Amino acid sequence: NAFGGVLCAFTLILIGVLAFSIRLFSVIKYESVIHEFDPYFNFRVTQFLSKNGIYEFWNWFDDRTWYPLGRVIGGTVYPGLTLTAGSIWWFVNALNIPLSVETVCVFTAPIFSAIASWATYLLTKEAKGTGAGLMAAAILAMVPSYISRSVAGSYDNEAVAIFALVFTFYLYVKTLNTGSLFYATLNALSYFYMVCSWGGYTFIINLIPMHVLLCIVTGRYSSRLYIAYAPLVILGTLLAALVPVVGFNAVLTSEHFASFLVFIILHVVAFVYYIKGLLTPRLFKMAMTLVITVGLAVCFAVVAILVALVASSPTKGWSGRSLSLLDPTYASKYIPIIASVSEHQPPTWPSYFMDINVLAFLVPAGIISCFLPLSDASSFMVLYLVTAVYFSGVMVRLMLVLAPAACILSGIALSSAFDVLTRSMKFQLSKLFDDGPAISGNGSPNGSSASTVNTSSSKNEKTEKSEAAPKEKQSKKNRRKDKEVTESVSVKPKKEKRLSVLPLEASIVSTLLLIALGGFYVVHCVWAAAEAYSAPSIVLTSRSREGLHVFDDFREAYAWLSHNTDVDDKVASWWDYGYQTTAMANRTVIVDNNTWNNTHIATVGTAMSSPEKAAWEIFDSLDVKYVLVVFGGLVGYPSDDINKFLWMVRIGGGEFPHIKEPDYLRDGQYRVDAQATPTMLNCLMYKLCYYRFVETDGKGFDRVRGYEIGKKHFKLTHFEEVFTTHHWMVRIYKLKPQKNRIRGKLKKLKSSSKTSSTLAAGRKKNPWQ
Amino acid sequence: SSKRSEGARFVRMPKADGDAKLLIQSLNKAYAATPTNLKIIDLYVFFAMVTALVQVGYMGVVGSFPFNSFLSGVLSCIGTAVLAVCLRIQVNKDNKEFKDLPPERAFADFVLCNLVLHLVIINFLG
């Protein structure tokens with residue numbers, strides 16, 4: 001009815017405003033700045049797109065990263081996010097609203113989370129109705145897991161990808177429910193947007209085939225299933241192949257094979273049903289026996305060939321990241337880079353409570369509610385949740401995929417609970433006030449209905465509530481005659497046998513408790529958004545007696561680089577800081593967060609782990625002029641390079657066997673104090689971090705590690721310090737050029753050159769020897 | 001199966017042939033009863049599948065470079081076949097789920113989906 005529709009729309013607008021505003025804490029507490037590392041790359045790409053247009057963007061070869069290899073941006077980036085923000089910027093500027101690219105980038109994520117909660121409303125409405133939809137939308141607007149990746153300033157793929165994910169699922173379920181080819185087309189287009197946005201699209205193209213298989217196996221095959229799935233596979237594969245990042249992987253990698261396999265199975269099942277419709281049952285049985293004997297042999301041969309093909313490739317056709325999802329121990333054994341990313345670690349139990357809070361309790365109730373009754377849409381929700389729970393257990397980052405599923409199921413649970421409770425309250429209250437014959441038309445049906453139904457005491461309640469239903473119907477449509485009421489009442493008890501009614505006190509208390517539960521959830525979400533997930537991590541703050549102290553060292557260092565070095569100078573640092581350096585300092589870097597070339601990263605890691613001379617040689621071969629390290633020992637910043645150093649050793653040691661991790665550990669323990677190994681105390685990372693550190697407090701006490709450092713007084717021979725930020729958090733060093741003349745070493749060089757003249761003639765002698 | 005006896009085993013082979021013939025005959029008879037518009041759609045599907053097979057055979061002869069052209073060609077054939085099957089499902093009067101759907105709407109959806117499919121194909125053809 002109209003009032004309900006208006007109320008619904010108004011609630012949705014409020015939910016959108018809520019989703020947008022809860023993500024603005026970082027803008028209020030800090031400033032409108034881009035956070036973290038990856039968003040800086042996306043921001044730089046969006047800047048390029050807005051300046052040079054889309055054709056330049058598609059063909060962009062970036063020579064300012066991964067020196068000297070470069071990176072083909074057009075072919076290795078997921079363009080969805082940048083194209084979305086770029087179009088918003090272009091559209092807004094075409095309306096003469098002068099928003100800068102940075103503003104648009106910062107606020108893209110909150111806008112799309114509002115739209116994502118509307119998509120969740122649509123999806124849940126398909127499964128369980130409007131009430132559950134509104135509940136789920138309200139919960140998704142606030143869930144901390146989603147806030148953590150979509151706060152204002154977190155300009156990353158997930159900002160738009162979660163919206164695309166939920167919207168694609170909505171269109172799939174809508175096609176499944178209606179059987180309309182129009183929605184199937186929209187579904188394919190939405191899937192295309194998802195492929196453009198995020199590598200996690202493989203989740204969709206594996207979940208939907210799983211659901212189709214589930215429907216077939218549980219006997220729920222229908223022609224709507226065919227219309228929902230078959231066009232999606234063809235159109236979806238083609239559209240996925242259109243995106244340069246995916247390309248032919250859409251048909252060649254194992255991540256997509258499930259969809260093709262289920263496509264074939266679906267056609268076989270559809271054909272079987274068709275033949276079944278044509279033939280009589282006896283003939284059909286005959287056909288089945290004939291086909292099975294012949295078909296089984298052919299099937300077996302085909303499957304054997306397929307398996308042999310796939311098994312012949314070393315990773316069985318799966319990419320490293322997907323394999324690490326299926327086998328959580330894979331990455332730590334074979335690919336240390338994937339294992340070293342903190343987002344790829346398995347989550348701890350408390351992080352579930354932190355990220356989805358109260359939903360962890362409501363989800364099982366939602367699963368039960370989905371089974372009463374089970375429809376295609378609700379079975380899809382349950383399957384989505386189960387797979388999302390598994391994957392979230394493998395990688396912390398994938399808690400984000402669990403969040404919409406948990407919100408939907410919690411919305412369903414809460415909505416069903418409120419349904420039962422309010423129905424009980426309404427019924428009990430009406431019974432309370434129904435002592436006199438005040439309500440019309442219910443006196444006679446009362447007696448007749450009691451006689452038509454079993455008069456056992458347990459069923460009395462059901463007759464009473466079954467007359468409450470026609471009473472409500474009477475209030476809505478005033479045309480029921482008494483006879484029809486009695487007939488419907490005598491029929492109703494059979495249909496509504498499973499409805500239950502609770503006593504009044506219990507329902508009132510339960511409603512209040514559920515509202516309190518929601519209140520706790522809201523309080524936790526706002527706290528998480530304000531305190532835990534709003535840090536931009538490029539600016540740090542701490543509270544002291546003098547008030548708020550701001551650590552802006554990163555931007556200080558990048559600004560120094562951009563003002564005091566030449567445009568073509570190369571800067572080497574660990575890969576964490578690559579994106580920020582290219583975006584803010586505008587200098588060429590050696591490795592960055594894309595981590596696509598393990599050997600290059602291992603080279604930098606080896607250089608950081610080697611003594612000064614060897615490190616100078618490596619960096620000089622890469623044309624590096626400046627080296628940047630992050631050091632937190634003076635102020636207690638724990639994510640500095642010394643804490644990350646063991647990963648540099650491991651990754652470097654993975655490619656260059658002369659770097660061995662045990663050389664840097666004393667008795668298996670990683671230390672930098674007086675007990676540290678000589679290899680550790682002489683490596684470049686130690687020297688660059690702790691050079692002149694003893695001058696700060698006279699003792700060289702490292703606040704992060706909690707002890708005094710081992711080697712305190714030393715000089716640098718191959719590097720010179722050019723800049724250290726205010727809190728010593730970023731330190732920049734320059735490579736010293738080679739000396740022009742080498743005194744007193746000529747005789748040695750001549751004698752050694754005679755003996756080694758038979759060796760490679762053009763080998764450059766290191767003048768430092 | 002309880003009717004089968006030792007003696008019946010000797011006549012199993014020709015019985016299987018007779019079974020197959022009976023099967024094919026009854027299939028033909030049942031299929032001949034389908035309305036003409038559905039038969040036309042079936043013919044279209046058959047034509048698309050044959051075209052796809054011809055393309056695959058051609059690829060086997062001349063090699064798969066450029067791969068995107070091969071993919072777009074084959075997938076366009078399979079795509080229209082799938083969409084035609086969807087149209088057939090929606091237009092078939094025996095399908096109770098779609099009795100409220102006017103066939104014009106079904107055909108319009110079919111045309112729209114084909115339009116999107118071929119737009120993508122032309123883009124991908126290279």
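First residue shown is number 1, and so on along the chain.
Cβ coordinates come from backbone N, Cα and C, glycine included.
Residues annotated as compositional bias 'Low complexity' in TrEMBL: A:441-458. Residues annotated as compositional bias 'Basic and acidic residues' in TrEMBL: A:459-486. Per TrEMBL, the feature domain 'Oligosaccharyl transferase STT3 N-terminal' maps to A:7-409. What TrEMBL lists as domain 'STT3/PglB/AglB core' is A:568-627. According to TrEMBL, the feature region 'Disordered' maps to A:441-490, A:744-769. Marked as transmembrane segment by TrEMBL: A:72-92, A:104-123, A:129-147, A:159-185, A:191-214, A:226-251, A:257-275, A:287-311, A:352-372, A:379-396, A:402-421, A:502-523.
Remark: secondary structure over the domain 'STT3/PglB/AglB core' (A:568-627) totals 33 helix, 7 strand, 20 coil, with classes taken from DSSP. Contact counts against the transmembrane segment (A:402-421), taken as Cβ pairs under 8 Å, peak for A:352-372 among the stretches A:104-123, A:257-275, A:352-372, A:379-396.
Counting residues 6+ beyond its ends, the transmembrane segment (A:72-92) has Cβ neighbours under 8 Å at 42, 45-46, 48-50, 54, 57-62, 99, 101, 104-105, 108, 112, 155-157, 159-161, 164, 193-199, 243-245, 247, 594, 596 in the same chain. Under 8 Å from some Cβ of the transmembrane segment (A:191-214) lie the Cβ atoms of residues 78-81, 83-84, 157-158, 160-161, 164-165, 167-169, 172, 225, 228-229, 232, 236, 239-240, 242-243, 246, 255-256, 258-259, 261-263, 265-266, 321-322, 379-380, 383-384, 387, 391, 398, 401, all in the same chain and six or more residues away from its ends. With a threshold of 8 Å between CB atoms, the same-chain residues lying at least 6 positions outside the transmembrane segment (A:352-372) that come near it are 127-128, 139, 143-145, 148, 378-379, 381-382, 385, 392, 399, 402-403, 406-414, 416-417, 498, 517-518, 520-521, 524-525, 528, 532. Long-range contacts of the transmembrane segment (A:502-523) within the same chain, counting only residues at least 6 positions beyond its ends with a Cβ under 8 Å from a Cβ of the stretch, are 139, 142, 357-359, 414, 417-418, 420-422, 424-425, 428-429, 432.
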